[in-house]
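Taken from TrEMBL, the feature transmembrane segment applies to B:20-39, B:59-83, B:95-113, B:119-138, B:150-174, B:194-216, B:248-271, B:283-305, B:317-336.
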Amino acid sequence: MSGENAMNKQTQGSAASSNADAKNPVLEVKDLCVSYGKVEALTDASLTVGEGQIVTVIGPNGAGKTTMLSAIMGVLGSRGQVAFDGSVEGVPEVERMVARGMTLVPEKRELFGEMSVEDNLVLGAFQRYRMGKRDHAQTLEEVYALFPRLKERRSQAAGTMSGGERQMLAVGRALMAKPKLLMLDEPSLGLAPLIVREIFRIISELRRRGVSILLVEQNARAALQVADYAYVLETGQIAMQGPAHELADDPRVIEAYLGLGGKHQAMLST
Amino acid sequence: MDMSIALILSQDGITNGAIYALLALALVLVFAVTRVIFIQQGEFVAYGALTLAMMQSGVLPATVWMLVAMGALVTVLDGGLALKAGQGRRAASVAGWNLGYPLALAAVVGGLAVNELPLAVQVLLTLAIVVPMGPMMYRLMYQPIASAPVLVLLIVSVALHIAMVGLGLLFFGAEGQRTPAFSEFSLELGPLMVSAQTLWVVVVSVLLIVALYQFFERTLYGKALRATAINRVGAQLMGISPTLAGKLTFFLAAFIGALSGVLIAPITTIYYDTGFLIGLKGFVAAIIGGLASYPLAAVGALAVGLLEAFASFWASAYKEVIVFTLIIPVLLWRSLRSHHVEEEE
């Protein structure tokens, strides 16, 4: 798929179901539209996340990446179709999506700042607890095994931790729900290079454990390295898509997203 | 004034202060979780006291019909939604809780000679009637506008308060009621006679506050309510729905209100509109805590209770004025020392 006609909607349409590795799609989004008043922030976005896949959505600021995740999660109203784990949602609704195994780590983390790390984590299992699956003590140990730092700080107030620790807490809290699909919105935003590397290490580790991941990132190089499949979102539309390693070699992607900052980002992500 | 009068006034002050503390805690909780200023808290106090009084005089309390009516509305709304979505089992459970339960309760209260039952059973029946009105009220009046500005929610509260006072007049009449004390004994502490009811009020209040603390610190549902108060978006992403949090909060607030009413009914004569003043004093205490701090609200409640007791001795005609004037220096002090706290990120 070359640069110019990737912007062409027809090309995009024919390629809409081309995430061919996704044999058992966990998430299938078709023609999702979101508008803020009269402004359409997301137009006919379609994407697929297969079981055990890491799928990334890259794109510039304001392209609609966060909007898309919010709409899939049901935080924002939308038009279109979201099929999750085999059944179609008319309009997704947050509590239902959480109950069915989808979690979102939002860009702003949205932690419970005055509560302890452990309380934050345990609340991640609230929906499971409510449905009668009261295994959060065990899940907690698993999350602590993945993030030993959180265990050290278990009784500290979440709001007093560093940015990286808070991001880990946000991811850990999401994992407490034992999600089938984990959606991460800019997990590396505002973090020091070492922490970014740590976060991406954890993302690949999660895939090894069978969690499907939808990753939205501005750090395109790191995202393309870790992902199986990638979409480029520009001004509310899917502009390009393809296997992550192919997109990483695409001249247009290199120019727009990997170009000048590429070497710097490469240092951050390896 | 000599020592014994001061002691008696302090006793009064602490008794009332304990009740104000409970009400203030409920107000802070409701505001933190739902942003609703729960003005009709006082009506739950009056409904609790007067429902118990009616049972004791052998009349079927009309509040039970109010519960049936509210339950029927909830059933129509939620049951209808569930049926539309094809969730028959859900519709059945909605109808069971919101229609079956009030009707069963009406049958029990109407069928038994409630005035001959032991007091404890009467109190339980009173709570069983009044408390579910809390979550039902949230469902009917607040849930559809849960994201409205605080001012709109406040206006709804004012309207509900006025409606509940009017209904109270209809249900209970204009006569004041006082129920017999829970137990007949008194404790002599030096010059001070402590009545059994005072002990009941203080002990039950303290126990309830401890229980609430445990609920918020130890249980996942309690933590979920705290989480909603701290970060609504974050809580929603954990699957803690604002609706669930709102109903649970209103349940607790209605429980605290109705129980307070039952506790003070033997001490004070309660009229259909007495609740408002009691609730407002709880509100003053909650304001002292900035509508956010539970311990400060409790301390404020004790201060309000003591001030009221001493004011009624020195200048009884002005006692309400003095208590409510307290709010001015408090607001002044709060606005002078409050500093803008940066939100996390």
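Note that Cβ sites are derived from N, Cα and C of the backbone, with glycine treated the same way.
TrEMBL entries are annotated by machine, without manual review.
Most Cβ pairs within less than 8 Å of the transmembrane segment (B:317-336), among stretches B:95-113, B:150-174, B:194-216, B:283-305, belong to B:283-305.
At the 8 Å Cβ threshold, with sequence separation of at least 6, the transmembrane segment (B:283-305) lacks contact with the transmembrane segment (B:150-174), having fewer than 3 such pairs. The list of residues near the transmembrane segment (B:95-113) in space but at least 6 beyond its ends in sequence, with Cβ under 8 angstroms from a Cβ of it, reads 55, 58, 60-61, 64-65, 67-68, 70-72, 74-75, 78-79, 125, 128-129, 132, 136. The transmembrane segment (B:248-271) shares the most Cβ pairs under 8 Å with B:119-138, out of the stretches B:20-39, B:59-83, B:119-138, B:150-174. Distant neighbours of the transmembrane segment (B:194-216): 11, 14-15, 18-19, 21-22, 25, 181-188, 222-223, 225-226, 252, 256, 259, 263-264, 266-267, 298; these residues of the same chain sit at least 6 beyond its ends, with a Cβ under 8 Å from one of its Cβ atoms.
Outside the transmembrane segment (B:59-83) by six or more residues, the chain places 47, 50-51, 90-91, 94-95, 97-99, 101-103, 105-106, 109-110, 114, 126, 129-130, 132-133, 136-137, 139-140, 167, 170-172 with a CB less than 8 A from a CB of the stretch.
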